Amino acid sequence: MGNGSFSRWHFEKRETTSNLVLVMVPVLSVVIGLIFTGLFIALTGKDPLEVYLLMFDGAFGSAYGISETIVKSIPLLICALGLSIAFRMQLWNIGAEGQLYMGAFGATWAALTFPDWPAYQLLPAMMVAGFLAGGLWGLLPAIPRAYFKVNETITTLLMNYIAILWVDYLVVGPWKDPKSFNFPISPQFTEGAILPTLGTSRIHMGLVFGVVVALLLYIVLNYTRWGFEIRVSGESPAAARYAGMNYVKNILLVMFISGGLAGLAGMTEVSAITQRLQHGISPGYGYSAIIIAWLARLHPAAIVLVSVIFGGMLVGGYSIQTSGFSSTTVSMLQGAILFFVVGGEIFVNYRLVRGEKGGK
Amino acid sequence: MEQSIWLALLSTGVVAGTPILFAALGEILTERAGILNLGVEGMMLVGAVTGFMVTMSTHNQWMGLLMAIVAGGLMALIHAFLSITLRANQVVSGLALTIFGTGLSGFLGKDLIGVPLTDTFKPIPIAGLSEIPWIGDILFKHDALVYISYGLIFILWFFLYRTKTGLELRAVGENPAAADAAGINVFAIRYACVIAGGMLAGAAGAYLSLAYAPSWLENMTAGRGWIAVALVIFGTWNPLRAFLGSFFFGTIDVMGFTMQTIGIQIPSFFLKMLPYIFTIAVLIVVTRETKTRRVASPEALSIPYNREER
C-alpha cells in the first residue's frame with residue numbers, strides 16, 4: 001500500500017466540527033459494526049437480519065426483556081463511568097473486570113463478617129468495602145505507572161486474571177458454602193446484605209448509584225477545578241505540570257476512583273443479583289465498559305444511554321444462544337463496533353477530500 | 001531433588017514459552033516500525049481456532065498452521081488500516097482487535113470444544129544434538145515449530161540489525177518524518193511489519209491448538225498474548241533477549257505441575273497466578289532499568305504519522 005494510492009483521496013483538517021458529525025460518527029459505527037458482524041453470521045448460513053431481530057426482540061420486545069436489559073446495564077454503566085475518568089487522563093485502565101471482581105470480594109467479606117447487621121448498616125459497609133477493594137486494585141498498577149511510567153495497559157489487564165483466580169480460590173476454599181454440594185459458591189447472603197429491588201423485577205438500587213455517579217461526574221468535570229485539572233492532564237501532561245498541578249497525585253487518585261467504581265459495580269452484582277460470591281459473576285462487563293466509555297466519547301450522559309444499548313446487546317446475546325450461537329458472538333459485535341468508532345474518529349477532525357493535495 | 005525433574009521442568013518450559021516467543025517476535029517487528037498492537041491476544045485466538053478447524057478438515061497440521069498465519073495477518077491488516085491510514089488511537093484499536101478476536105474465535109469454534117485432534121505437531125528429537133547432556137534434553141527434543149522458532153530468532157535479529165531494510169524499518173519506528181524525507185516508504189514498511197507481526201501471532205495461536213495442547217477451548221490463550229506484549233519490553237525490542245524471556249515465562253507457567261509432583265501443597269489457583277505476577281514484577285523492574293540504561297522504546301511508538309504535519 002504505497003503513498004501513491006492516497007494521492008487522490010486525502011484527509012483535510014476541518015475548521016470546525018459540527019455536532020452532527022460528533023453524533024453521526026458513533027451512530028454510523030454501530031450500524032457498520034452490525035453489517036460487518038452480519039457478514040460473519042451470513043457465513044454460517046443464517047440470515048443476519050433475522051438474528052438481529054431476534055436479539056432486539058429478546059432485549060426490548062417484552063417487559064421482562066427490558067427489565068433484564070436495565071439489570072445488565074447497571075454494572076456496565078458504573079464501570080464505564082469509572083473508566084471514563086481514567087481515559088480522560090489518558091490512563092488506559094483496562095482492568096475494570098478485575099476491579100469488579102475485587103469489589104465483589106470486598107463486599108462479600110463485609111456480608112459474611114457481619115451477617116446480623118441490618119440493611120441500613122450492612123449495605124453501606126458493603127459499598128465501602130467493595131469500593132475500597134476495587135479502588136486498591138486500581139491503585140496498585142497506578143503506583144508504578146505514576147513513578148516509573150510502567151505501562152498500565154498491560155499491568156491492569158494481567159491483574160484481571162489474578163483477581164478472577166483469587167475469587168475462584170475463595171469460593172472453593174475458605175469461603176465455600178458447606179451446603180453447596182461442591183459447587184463453587186459462597187454461603188448465601190443474609191437479608192440485610194441484599195439491595196432493594198423495584199417491585200417484583202430484578203432492577204435494583206444499583207441503578208440509582210449509576211445515575212447519581214453520572215450526575216456527580218458531570219458536575220465535577222465541568223464545574224470544579226479538579227475536573228479541569230483532569231481534562232488538562234489528559235490533553236497535555238507537560239502543561240498540567242507547568243501549571244503546578246500534581247500530576248502524580250492525580251494519576252493515583254483517578255485510578256483509585258476508577259477502580260473503586262468498578263468495585264462498586266461488583267458489590268451491586270453480588271448483593272442484588274447472585275446474592276453470594278460465585279465463579280464467573282461477570283460475563284466481561286469490565287471489557288464491554290471500555291467500548292461503552294469510548295463510544296460515548298467519555299461523556300457521562302452519553303455513557304448512560306450507551307450502557308442501556310449494550311445491556312440490551314447482552315440480553316439479546318442470550319436469546320440467540322438458543323438458536324445455536326456462541327455467547328461470544330456479542331463480543332465480536334462489540335469489538336467490530338469499536339473498530340469503526342476508533343477508525344471513524346479521524347472524521348471528527350478531518351474530512352476526506354478528493355483531488356490534489358494543497359500546499360504540500 | 002532428582003535431576004530428571006529439573007530437566008523435565010526446563011524442557012517443558014521451552015515448549016510452554018514457544019507460543020509466547022512467536023507472538024513476541026511478531027510484536028517486536030510491529031513495534032520496531034513504530035506501531036503498538038495490543039491485539040496480540042485476539043490474533044492468537046483467531047489463529048488457534050483457524051489452525052484447529054483447517055487441520056481437522058484437511059488432516060494436515062501444516063495446512064492448519066499456514067491458514068492460522070493467514071488469519072493472523074488478516075486480523076492485523078484491520079489494525080494496520082486503522083492505525084496507519086486512519087491514524088486511529090493504537091491502544092484502543094488494539095483492544096478492539098483483542099475483543100473482536102475473542103468473540104470471533106468463540107463464534108467460529110463453538111462446535112469444536114472438546115473435539116480431539118490426531119494430526120498434531122509431535123516431538124522429533126534431532127539426531128546428534130539431542131544426545132548432548134542437559135542441553136539436548138532441554139532444547140532439541142521438541143516438535144518442528146520449536147526449531148522454527150529458534151531459527152526465527154536469528155533471522156529476525158539479522159534482519160533488524162544487519163540488513164539495509166532492517167535499518168530502514170528501525171528508522172521508521174524512531175523518526176518517521178526523517179525516514180520519509182530520506183525516501184523510505186513509511187506507510188509500506190509499517191503495513192508490512194504490522195501484517196507480519198499478526199502472521200506470527202497467528203502461528204503462536206496455532207502452536208497452542210496444534211502442538212502445546214491439541215484442542216480448542218474458548219479463551220485458550222489465557223493472557224499469553226498480553227504476556228508477549230510485556231515480553232517485548234522485557235526483551236528491550238531485541239529478538240535474542242525475547243528468547244530468554246519466553247523461556248523464563250514458559251518455565252514459570254509449567255512450574256505449578258513440578259511443584260505438585262515434588263509434593264509442595266499450594267492451591268492450584270495461586271500457581272496459576274504466577275505467570276501474571278511475574279510478568280508484572282518483571283515489567284516494573286525492567287521499565288525502571290530502561291530509564292537508566294541507553295535502551296528505550298522506539299521513539300515514535302504508538303504515535304500516528306501524519307505526512308501533512310511534517
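Each residue, glycine too, has its Cβ placed from N, Cα and C.
Feature annotations, courtesy of TrEMBL:
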TRANSMEM  A:20-43  transmembrane segment
TRANSMEM  A:63-87  transmembrane segment
TRANSMEM  A:99-117  transmembrane segment
TRANSMEM  A:123-142  transmembrane segment
TRANSMEM  A:154-172  transmembrane segment
TRANSMEM  A:203-221  transmembrane segment
TRANSMEM  A:251-273  transmembrane segment
TRANSMEM  A:279-296  transmembrane segment
TRANSMEM  A:303-320  transmembrane segment
TRANSMEM  A:332-353  transmembrane segment
Selection from A:20-43, A:99-117, A:203-221, A:332-353, the stretch that has most Cβ pairs under 8 A to the transmembrane segment (A:63-87): A:203-221
Residues from the same chain, set at least six apart from the ends of the transmembrane segment (A:251-273), whose C-beta lies under 8 A from its own: 71, 74-75, 78-79, 81-83, 85-86, 89, 91, 93, 95-97, 99-108, 111, 123, 126-127, 129-139, 141-143, 145-146, 152, 189, 193-195, 197, 202, 204-206, 209, 213, 230, 281-282, 285-286, 289
Same-chain residues at least 6 beyond the ends of the transmembrane segment (A:303-320) whose Cβ lies under 8 Å from its Cβ atoms: 30, 51, 54-60, 65, 68-74, 76-77, 80-81, 84, 210-211, 214, 283, 288, 291-293, 295-296, 327, 329-330, 333-334
Tertiary contacts of the transmembrane segment (A:99-117), as residues 6+ beyond its ends and Cβ separation under 8 Å: 75, 79, 82, 125-138, 160, 163-164, 166-167, 170, 175, 186-187, 189-190, 192-193, 258-260, 262-267, 269-271, 276-277, 281-282, 285-286
Residue numbers, six or more beyond the limits of the transmembrane segment (A:279-296), whose CB comes under 8 Å of its CB atoms: 26, 29-30, 75-77, 79-84, 87, 94-101, 104, 160, 167-168, 171, 184-185, 262, 265-266, 269-270, 273, 302-303, 305-307, 310, 314, 327, 331, 334-335, 337-338, 341-342
